[in-house]
Each structure stands twice: as structure tokens, then as C-alpha cells.
């Protein structure tokens, strides 16, 4: 494989892409993740605790309207819609990623997205007052659209503005806030707080507050420098954004690296989903994100959480205390994801993915055995608890946070929006499928359902071991060259095109032109 201009690229990557965690970078990561990712996690679990009270409200509203109580079949249908509208909306939200991030920018998409969340929060918060359960079901779909956009755009936004030596850690921050959102919903959903007949509308309506905070604060922070330079062609704004994010004025090396990324993909233009799926040069990247996203959702995480309550109950935990045990599991999830933030740059992405999927695989296998034997062997119920905890630890350090980081890193600027759209769609469709199919699996197979999850974890781990490269501390161009070898294509940087592309006023243009004249 040839890479013309390779010496120049490597000299740039050695100087320009490393950086420190500045106050501006930390603040934009926190505001983006709290304002968007937090609500994804919050709305995943917010309806679990108040479910009986919400179902009573559905029944009472129907009774007031018709004079007859709701039959159980119709109530089950309405509640199923309430639960499933969220992942279905997430799928449609993922389909909006490509057009919105290309036309409105990364930051602009996040700001517009807040309107979905705030409108849904108002509808949910006032649903009891308006005596309409339809508003809750509609709001869950709207919140799904919001989460579908947020779960893809936040990792893309933060990944594009992070220096390469912090890209993994900052890329996991959105997943950290998803787990914090789940934990917050579990705590606020306790019976003594808001998980009761009077408090559930407030519990649902609180989701609008983080969006309001983001809407008021994010405009004061810069847009993605890569978007500004490569897609808007505005070097001055990109330079100012980088200077603010990096905390120093000399960002020429990083601007030069971004130029080279744009040059290497200039001929292809912006990828649509169709062109991404048919382009040979990105074949293994595309297969890899589909496998990782399917593995993440089909590995049984929803099944483990579904079984958790009855596992703890069989171990002798008092039924009134189970909600506190659920909160403790949520806390373990947060702590282990926080750990992943600190170790992803030292251990690398591959190690965390492999370790996580292997732990989940082993946990599912042992859990199948323990659930089958717990009626005959008394201590097996405690082994089941151990399996649940090990599974959650494994999923939190690798399969949950790392795939979205890998999407950012394995694709260049022109193909990244389409890649996130594909990855996000696979994520939400897999999530929806598990929610739809698991109850039937559980009814038909019982504990043996976890053997299917075990096989999926093993298959995903094997794929990652043989195919997915390590990407830590590499520039996007370096990762692109690694994947080009696997795709059996050449990455070329044409001398004349590089001159044209970099022919902009200023010091950078002079440096780039002199470098390209030596090729």
C-alpha cells in the first residue's frame, strides 16, 4: 500500500494531535453529555418504578371516558406501546443523524434536538392533569427520537473535538452519563421520593431540565473544528475553536492534520448510507460497527436486568428492598463506566471490548447453570447474584461504552455521519428486537435463554479478536491506513490536489505547500 505524503502525515501526528484536558474541553463534554446522553439513560428506566401507578391512571382515564373498566388485554397493549415507543423513536432518530449533522452541524443538531425533549417533558408532566394517556405514549416516541439523535451525535461531536490521546476517555463520557441517568431515574423513582401515585408525572417531566440547561449554555462553546474546516471550509473559525479547546495558540499542526484527512477523502465527497454500504474501502469498518452494535444490544443486558429482581428475591431479599438493590446495581454500572474512562487510554479499546464480552459470556453460561440448580442447591442463588454483578461490570467496561468510540475513530469526516446513522439504527433495532422477543424467549426457554446470549457474546469477542484493530493514540489517518490494508485498497494523497486543497492564506498554507512540493 502506498501513502504519498506519508512522511509529512507522520510528522504532523507526532507533534500536533496530543493535548491536555482543558477547562473548555471538559465543560463542553459535561454539558453535551449531561444535556443529551443523561436523558437517554433517564428515559430508559424512568417508567419502571411508577409502572403500577401509571397503569392505574390509564385504567381510570379509560373508565372516566367510557364508563367501563379497561380489559386486561387492552391495558397490556397500551403499556407495551408505552415501553416500545422509546426504542422505536430511537430508530427514527438515528435516521435523522446524517441529514442533520451535515446541514446543521454537530452543535446545531444538539441544540435543535433539545426542542424534542422539552416538548415531550411538558406533555408527560401535564398528562395526568389533561387526563390523557395518549400524550404519554406520544411523548415516549418523541423522547426516543431525541435519544436516537443524542446517542449518535454526542459521541461524534466530542470525538471530533478531542485530542487523540484523550479521544477514548472523552468518548466514554456520554456512556457514563447514560448510566448516571439510569441511576438518577432509579433513585428518584423510589416509592418514598417520586415513584408513587402523586409523584410520577413530576418524575416523567423532570427530563426537560437537562435540555433547558444545555439549550442555555452550549451556544457559548465552539462547533466541531473538523466540521468547520472540512465541511464549512472556514479555517479561521476552526482555528479559533481549536485554540479555545486546546488552551494554546499554535494549532497549525492539528489544522494541517485535518487538511490531510480532508484531502485523502476528497474524491469520494460526502458519503450517503447507500454509498457507504457499497464502498469497498470502508467494507470492514462497516461490518465491524454492525457486529459491535449488535453484540452490544443482543448480548443479554436487558435480559439480565429483567431477571435481576427475581434472582435477588430467590436469594431471600425482601420484596420491599429489591428496589434498593436495583439502585445498587445502577451504582455499580456508573462506577465501572467511570473506571473505563480512566483506563481506556492506557489499556486500549480492544482489551476492554474483549475482556467485557468474555466476562459477559462466562456470566451468561454460569447464570444458566445457577438458575437451573437454585431450587435444589441453596447457595446457587448467591452464585446467580455474583453472575449478575460480574455481567454488569463486564458490560460497563467494554461493550456499553467502547463501540461508539470506535465508530468515531474508524471513519473519516466524510463517512462518519453515515456510519453513525448505520450504527445507531442497528443499535436501536437490536434494542427493540430484544424487548419484543425476550419475553417469548423467556417463556419458551426459561433460564436457557442466556445460552443464546452467551453464544452472541462469544461470537462478538472472536470477531473483535481477529478483525478489529487497536485505535488508541492514533490519528484518524493512521487508523484509516490500517483498515485500508484489510480492505485491500490504497490510500493516496495526490500532490496537485493537496496544493489546491491547502491553498489558503496564512502560515499553514505556506508550510503545507512547501511540504507537498517535496513529495
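Cβ atoms here come from the backbone N, Cα and C positions, even for glycine.
Sequence annotations record features per position, and here TrEMBL assigns transmembrane segment to 21-42 (among others).
According to TrEMBL, the domain 'Major facilitator superfamily (MFS) profile' annotation covers 29-472.
Taking Cβ pairs closer than 8 Å, the transmembrane segment (77-98) reaches residues 43-44, 47, 51, 54-55, 58, 70, 109, 133, 136-138, 140-153, 272-273, 417-418, 420-421, 424-425, 427-429, 431-432, 435-436 in its own chain, all 6 or more past its ends. Summarising the annotation, TrEMBL assigns transmembrane segment to 77-98 (among others).
The transmembrane segment annotation in TrEMBL covers 110-130 (among others).
Same-chain neighbours of the transmembrane segment (136-158): 28-29, 32-33, 36-37, 39-40, 43, 47, 54, 78, 81-83, 85-97, 100-101, 106-107, 109-110, 113, 116-117, 119-121, 123-124, 127, 170-171, 173-174, 178, 204, 207, 224, 404-405, 407-408, 416-417, 420-421, 423-424, 427-428, counting only residues six or more beyond its ends whose CB sits under 8 Å from a CB of the stretch. Annotation comment: TrEMBL describes 136-158 (among others) as transmembrane segment.
Cβ atoms under 8 Å from those of the transmembrane segment (170-188) belong to residues 25, 29-30, 32-34, 36-46, 48-49, 151, 154-155, 158-159, 162, 194-195, 203, 206, 323, 326-327, 330-331, 333-334, 337-338, 340-341, 344, 396, 400-402, 404-405, 408 of the same chain, restricted to positions at least 6 beyond its ends. Marked as transmembrane segment by TrEMBL: 170-188 (among others).
Taken from TrEMBL, the feature transmembrane segment applies to 200-221 (among others). Long-range neighbours of the transmembrane segment (200-221) within the same chain, counting only residues 6 or more positions beyond its ends whose Cβ lies under 8 Å from a Cβ of the stretch, are 24, 27-28, 31-32, 34-36, 38-39, 42-43, 46-47, 49-50, 53-54, 57, 107, 110-111, 114, 117-118, 120-122, 124-129, 136, 139, 143, 185, 188-189, 194.
Look at TrEMBL and you will find 286-307 (among others) tagged as transmembrane segment.
Using a Cβ-Cβ cut-off under 8 Å and counting only residues 6 or more beyond its ends in the same chain, the transmembrane segment (322-344) has close neighbours at 45, 49, 168-169, 171-173, 175-176, 179-180, 182-183, 186-187, 189-191, 195, 305, 308-309, 312-313, 352, 388-389, 392-393, 396-398, 400-402, 405, 472. Taken from TrEMBL, the feature transmembrane segment covers 322-344 (among others).
If you look up TrEMBL, you'll see 351-373 (among others) marked as transmembrane segment.
Through the fold, the transmembrane segment (379-397) approaches residues 179, 299-301, 304, 307-308, 311-312, 314-316, 329, 332-333, 336-337, 339-340, 343, 352, 355-360, 362-364, 366-367, 370-371, 373 of its own chain, all at least 6 residues removed from its boundaries and within a Cβ separation under 8 Å. Taken from TrEMBL, the feature transmembrane segment covers 379-397 (among others).
Away from its own ends, the transmembrane segment (418-441) comes close to residues 83-84, 87-88, 90-91, 93-95, 97-98, 101, 144, 148, 151-153, 155-156, 271-273, 275-277, 282, 285-286, 289-290, 293-294, 296-298, 302-303, 306, 403-404, 407, 410-411, 449, 452 of its chain (Cβ-Cβ under 8 Å, at least six residues beyond either end). Taken from TrEMBL, the feature transmembrane segment applies to 418-441 (among others).
Away from its own ends, the transmembrane segment (447-468) comes close to residues 284, 287-288, 291-292, 294-295, 298-300, 303, 349-350, 353-354, 357-358, 360-361, 364-365, 367-368, 371-372, 399, 406, 438, 441, 486 of its chain (Cβ-Cβ under 8 Å, at least six residues beyond either end). What TrEMBL records for 447-468 (among others) is transmembrane segment.
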Tertiary contacts of the transmembrane segment (286-307) (same chain, 6+ residues out, Cβ under 8 Å): 276-277, 329, 353, 357, 360, 363-364, 367, 371, 388, 391-392, 395, 399-400, 402-403, 406-407, 410, 419, 422-424, 426-427, 430-431, 433-435, 438, 441-442, 449-450, 452-454, 456-457, 459-460, 463-464, 467-468
Distal contacts, the transmembrane segment (351-373) - CB-CB under 8 A, six or more residues away: 292, 295, 299-300, 304, 307, 311, 340, 343-344, 380-381, 383-384, 387-388, 390-391, 393-403, 446-448, 450-451, 453-454, 457-458, 460-461, 464-465, 468
